[in-house]
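This report refers to the structure that appears directly beneath it.
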Number of protein chains: 2
Amino acid sequence: MLAVEAAGKLLLIDCGLMFPEAHMLGIDLVIPDISVLRERRRDILAILLTHGHEDHIGALPYLLEDLGSPPVYATRLTLGLLRSKLAEHDLDKTADLREVELRKPIALGPFSAEFYRAAHSIVDGAGLILQTPAGQIVHTGDFKLDPTPVDGQPTDLERLAACGDEGTLLLLADSTNVEHEGHTLSERTVGEAFNALLPNCSGKVVVATFSSNIHRIQQVFDAAAAVGRKVLVNGRSMVANIAIARQLGYLHITDDALLDLHGYRAARPEQILLLTTGSQGEPRSALSRMAAADHKQLQIETGDTVILSSKFIPGNEKAISNLINQLYRRGAQVFYETTSEVHVSGHASRDELQTLHSLVKPRYFVPVHGEYRHLVHHAALAREMGTPEDNIFILGNGEPLTLSADGARREERVETGRVFIDGRGVGDLGAPELRDRSHLAHHGVVNVILALNQASGEIIYGPEIFSRGFVPEEDSEAYLAEAAQKVREMLAEHSLDAVSDWEEIRVEVRRTLRRFFNKTIDRRPLILPFILEL
Amino acid sequence: MLAVEAAGKLLLIDCGLMFPEAHMLGIDLVIPDISVLRERRRDILAILLTHGHEDHIGALPYLLEDLGSPPVYATRLTLGLLRSKLAEHDLDKTADLREVELRKPIALGPFSAEFYRAAHSIVDGAGLILQTPAGQIVHTGDFKLDPTPVDGQPTDLERLAACGDEGTLLLLADSTNVEHEGHTLSERTVGEAFNALLPNCSGKVVVATFSSNIHRIQQVFDAAAAVGRKVLVNGRSMVANIAIARQLGYLHITDDALLDLHGYRAARPEQILLLTTGSQGEPRSALSRMAAADHKQLQIETGDTVILSSKFIPGNEKAISNLINQLYRRGAQVFYETTSEVHVSGHASRDELQTLHSLVKPRYFVPVHGEYRHLVHHAALAREMGTPEDNIFILGNGEPLTLSADGARREERVETGRVFIDGRGVGDLGAPELRDRSHLAHHGVVNVILALNQASGEIIYGPEIFSRGFVPEEDSEAYLAEAAQKVREMLAEHSLDAVSDWEEIRVEVRRTLRRFFNKTIDRRPLILPFILEL
């Protein structure tokens, strides 16, 4: 999410979410912390969305109202995908969604915003050209320079060249693939790979891909039709996105090309192509359950072919690898990124980035979209392409940059960060709860119950100890009885009637058990003593 | 770990450990389940170790005594590394370790075992040639056909060719890199990359690599010496392995080439090379702490160069990527597998595997060492190289194969599996405890304490509810009081004096809270009700 400010007014560009990293235990989603924008909501003129991927639109349902529900501008498919997300939060009726035409500037207070075509791994992607009082800003969104895109709409190089001629103050550009030499392959090559593979498949064919990649989906349908297979669509988001894309005219599929579950059961394997999600080895996805022979309707059988038409997203490699192994165990032949040309990236490689820089010739450059190291490498590429080192800024989250007639100046960091979503809770979980979860995850929990007579300090009940995720149930009774004995001994040493501070007892109970567990089995569970005074 | 049996006697080949996968919460290590071997321990004639990597020797300290402490045969460095592991378990004095000479067969009951040189990413690796009553078995261990290894000792192709001439019954071969076309690069190319990089480095140089890769370490020292840098060695296993390798004559380093911490402080950056572990982004490693500016003695400064001379091990990609980003934030230049030739694999690629098969010409083939999909691809390669399909067997853990004059026959699966090590506990944790840990990890824990009068069923105390990792502490009091009220209401509805089954109350408490948490915040903590009868 990026904010552009001029004359006290704000434009926001994209509003994405992050999927949780491994250490964010139990977290469903991560969205940006918009504290600094909340107090400025009256100044927000519009939200501009470059394309419909989760990391660019996914946080909007959570934040749109907090941002004062400004109008949201985007291309038709982007809005279509957003609308279905907003509907899940009952916001689709109230949101002010405005479809844009490419190359048609929109006046927005001190700004004007123009969308231009950007080819990417989703249909109807765009880049942005903003006119501001300080000068022109070009924001590429996510893009590649695919010269032969499936929909015949390549990135608008002509418009980018004009930006260079007009003079561009600032370029912000996608850095994801800056470590990749040469050109990113055209999406069309994936269709060619499908067309080469499918005629040689004898059993059922399963293609797993990202549900947002409408071009890829079109190519799957085309390749299936060419070999006389009909397509069963599986996966909630796949079904939803195909419906949206068909309705909006971005996907050309006849009803006849589709199979329902009934037709699937009646068809022979060589008449079937199953198009599904689950390419990242998500444990509950249909594909993972099929691979584990744990799906009621859908089975993988010897001779079937599975094509993972997707990237191994960092962090998912192990899950994907397990999925592939299980598919092989079922007797399937599996094609995937490492062994076949069944996936291409949606991001520009080095040669394409050089072309971009040479066309736009910006005065200032800010690399965006990528890991920090990608930003560093993209900054180096910009230097090689002639942007002076002092005019290149790597900005972290919350690090503003001011451009004016006096040049560029970094401003003091503003408050930003990540907000965790767990269930219906937005932002209520923080570091302490995640630390507890990590502790529980690695060592389990031990509860100690002890009831004492409030007046005499005499033990009425306990210490009773019970645990989860700590020691196996069959051994726990004897072992925890031994632990309870240690606590009893400790309590006997303290003259309890003299102790008025129950917190002290709690600390001692914890210390006694910690020492005992550490010495006997070298484990460190979360110990929760509970003392009742009756 | 592999067992070879003939005439009622057993040879064991390797005895490795696995590092825990992400879902094995709190598990330190995973070792093989040897139940079926325990009762046969008197029949075990020897353990043969191909090389000194953890996944080939690491479980021995845990299992050697259980296996009846048979003699362990290996090359000198493999035994040196093993000895230091055994010492940590006080087993080094009693273990019967026997150094082997290459190409010198050892008589072992009905077998004879011969070690031959195998080039790999550790010094002193070997493959095995076993003579058995049924015929000759070749086991490659882990290998590549590096024609220019750093120690001048390539894989013994001559001996393998002789195996082909003599007639080999069964080949078992490394499958790790079967998806990789062509040849694996020589280890020497990494030295060349170091020699090309180092003269251009101005600040401090940090090289992170695997502590077992003695050739790599030698090349780091050589490259450092060539540009006048001295080496500070960091990391427990790096220090230990360098000491062992120097002592046994596998590493040629003069004392003069080394820096201690004192010398490090006195030296200028361009005189320093820091050689360390931590290439996998392990959070507590010195390198990760340096990257986070959280190390007392060692710092990364602007202009420093960090070389990750290592593979991105599957499952660690995200941690490594975070490490690289942090190093860039510190101002370092970072070189790593994706961008530079600073690492090569130790495993043979397809062309090399084809050479192996064409030399050994086995009657039967069993692919080993690799994910299941690698075994499938290696089986396909063996077919292409002329081994009949019926003579190729992909074996899972515990799946025996019998070879005799009558041909090959799969036997019934024997009991095997994984044994988890957590702290001092070996094998006591199983699926139920890991399920609890996973539940705790994702949702936290809620404890409910309730004291009832045994006779009347009257509530004496509680319900008192406390939680960890569930809701943030600042909100928990009010929220959990509300939850307690729900439990109180439920209890009021039940006429407690009529209830004799306390388990029923426990179930009802759990159900009431589960419903409340689910409805209000959509979370599913582990709920542990505890009812005292007083």
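Backbone N, Cα and C atoms are what each Cβ position is placed from, and that goes for glycine too.
According to DSSP, B:D174 (active site, proton donor) sits within a strand segment. Within the same chain, residues at least six positions away from B:D174 (active site, proton donor) with a Cβ under 8 Å of its Cβ are B:T140, B:G141, B:D142, B:F143, B:H347, B:A348, B:V368, B:H369, B:G370. Annotation comment: TrEMBL describes B:D174 as active site, proton donor.
A coil conformation is recorded for B:H347 (active site, proton acceptor) in the three-state DSSP classification, outside any helix or strand. The active site, proton acceptor feature in TrEMBL is assigned to B:H347.
What TrEMBL records for B:G26, B:D28, B:H51, B:D422 is Ca(2+) binding site. Classification of B:D422 (Ca(2+) binding site) by DSSP places it within a strand.
What TrEMBL records for B:H53, B:D55, B:H56, B:H120, B:D142, B:H369 is Zn(2+) binding site. When other Cβ atoms within 10 Å of the Cβ of B:H53 (Zn(2+) binding site) are tallied across all protein chains shown, the result is 23.
Annotation source TrEMBL lists substrate binding site at B:S211, B:S212, B:N213, B:H343, B:V344, B:S345, B:G346, B:H347. On its own chain, B:G346 (substrate binding site) has B:H120, B:S121, B:I122, B:D142, B:F143, B:K144, B:T184, B:E187 as residues at least 6 apart in sequence with a Cβ closer than 8 Å to its own Cβ.
Here TrEMBL flags B:1-194 as domain 'Metallo-beta-lactamase'.
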Do you know the mean pLDDT across the domain 'Metallo-beta-lactamase' (B:1-194)? 96
B:S211, B:S212, B:N213, B:H343, B:V344, B:S345, B:G346, B:H347 bind substrate per the record; greatest CA separation between any two, in Å, is 17
I want to check the contact list for B:G26 (Ca(2+) binding site): same chain, sequence separation of six or more, C-beta distance under 8 angstroms. What comes out? B:D422, B:R437
Surrounding CB atoms that lie within 10 Å of the CB of B:D55 (Zn(2+) binding site), all protein chains: 15
Run through B:D28, B:S212, B:N213, B:H343, B:V344, B:S345 for me and report the binding-site residues whose CA is within 10 Å of the CA of B:H53 (Zn(2+) binding site), in sequence order. B:S212, B:N213
Residues from B:G26, B:H51, B:D142, B:D174, B:H347, B:D422 facing chain A - recorded positions, CB under 8 A: B:G26, B:D422
Rounding to whole Å, the Cα atoms of B:S211 (substrate binding site) and B:D28 (Ca(2+) binding site) are apart by 19
Distance, B:N213 (substrate binding site) to B:H51 (Ca(2+) binding site) (CA atoms, angstrom): 12
State the count of C-beta atoms found within 10 angstroms of the C-beta of B:H56 (Zn(2+) binding site), not counting that atom itself. 25
